[in-house]
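Read the structure below first, then the notes.
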Amino acid sequence: MPTIQDERNLMVFSGNANKPLTQSICKELGVRMGKSLVSRFSDGEEQVEIEESVRRQEVFVVQPTCAPSAENLMELLVIIDALKRASVSSVTAVIPYFGYSRQDRRMRSLRVPITAKVAAKMISAIGADRVLTIDLHADQIQGFFDVPVDNVYASPLLLADIWRAYGTDNLIVVSPDVGGVVRARAMAKRLGDTDLAIIDKRRPRANVATVMNIIGEVNGKTCVLVDDLVDTAGTLCAAAVALKQNGATKVVAYITHPVLSGPAVDNINNSELDELVVTDTIPLSDAARECRKIRQLSVAELLAETIRRIAFGESVSSLYVD
């Protein structure tokens, strides 16, 4: 019986940023991971060699550009270049977490770069034929690329876990800030039009602590905070305190990308947050894996099905409408 690899000449390669995720994707697809050397020379420069024939193959390279962002981005670029020079049919950059995505505009016309566009231009210029990513920080970032972008959503995975772990009785979806209202509303709608609350953060004047106003009734309810990424977790933990002070019985958070930099794990351990559920778009640190409040879901099946649909020329948008 022919496999997907036999039928479509499909191959999956990995950088070093998240090999366990790549291995899980390959298992879901029923293909083996492509053979390659991805290392560094003694002076720190990237060293890449594709160790098998890829001529006329449809290749997918899995590499999130998480920390160390510059190294992982450069690694992705040189892998793509090596594959293009080896005469592949096409290369899809599978970037589960697109680093630099928060640097997507010039705030107040400051003299700063739009680094998300710089990274997108580099990936386009090196020869990637398309990009597959999950939950971009802003959908408009797709326009920074000069190649097609499939931005799929982790919400089906997160929603299924919410249904399974918490049900919908006495549940309310909470946006941690005004900017996340669209995402939170979409999640609430998928949970049977459950209630929605918004946290409005305001600093009354300079040197005065930020005040968190809760828009919505959370008293006696299980609050589900939703967002695309968690970094130091300061805002998330402050939101949990505000919700508990307003009578919430339980506060959990469902967030796609676990950046978890700096004091994030300590903040979560010492917070009012009951549980933080994340995905494996970014590998967890040892400290995060040992944290009893953090639970991780896998996007491997989601990405594998998307890769399969791309390889067979099937619709992706019909599967991941959000």
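In case you wondered, yes, glycine gets a Cβ from its N, Cα and C as well.
Taken from Swiss-Prot, the feature active site applies to Lys201. For Lys201 (active site), the count of additional Cβ atoms within 10 Å of its Cβ stands at 15 [all protein chains shown].
According to Swiss-Prot, the feature ATP binding site maps to Asp43, Gly44, Glu45, Arg102, Gln103. The secondary structure of Asp43 (ATP binding site), as reduced to three states from DSSP, is coil rather than helix or strand. Asp43 (ATP binding site): 5 other CB atoms within 10 A of its CB, across all protein chains.
According to Swiss-Prot, the Mg(2+) 1 binding site annotation covers His137, on the basis of sequence analysis. Its own atom aside, the Cβ of His137 (Mg(2+) 1 binding site) has 18 Cβ atoms within 10 angstroms in the protein chains shown.
According to Swiss-Prot, the Mg(2+) 2 binding site annotation covers Asp177. DSSP classifies Asp177 (Mg(2+) 2 binding site) as coil under the three-state reduction. In the structure as shown, the Cβ atom of Asp177 (Mg(2+) 2 binding site) sits within 10 Å of 15 other Cβ atoms.
What Swiss-Prot records for Arg203, Asp227, Asp231, Thr232, Ala233, Gly234, Thr235 is D-ribose 5-phosphate binding site. DSSP assigns Gly234 (D-ribose 5-phosphate binding site) to a helix in the three-state reduction. Summarising the environment of Gly234 (D-ribose 5-phosphate binding site), the number of other Cβ atoms within 10 Å of its Cβ, over all protein chains shown, is 14.
A gap of 36 Å separates the Cα atoms of Thr235 (D-ribose 5-phosphate binding site) and Gly44 (ATP binding site). Close to Arg102 (ATP binding site), meaning Cα to Cα within 10 A, are the following binding-site residues out of His137, Asp177, Gly234: His137.
For the ATP site listed in the record, the two most distant Cα atoms among Asp43, Gly44, Glu45, Arg102, Gln103 lie 31 Å apart. According to its DSSP assignment, Asp227 (D-ribose 5-phosphate binding site) is in a strand.
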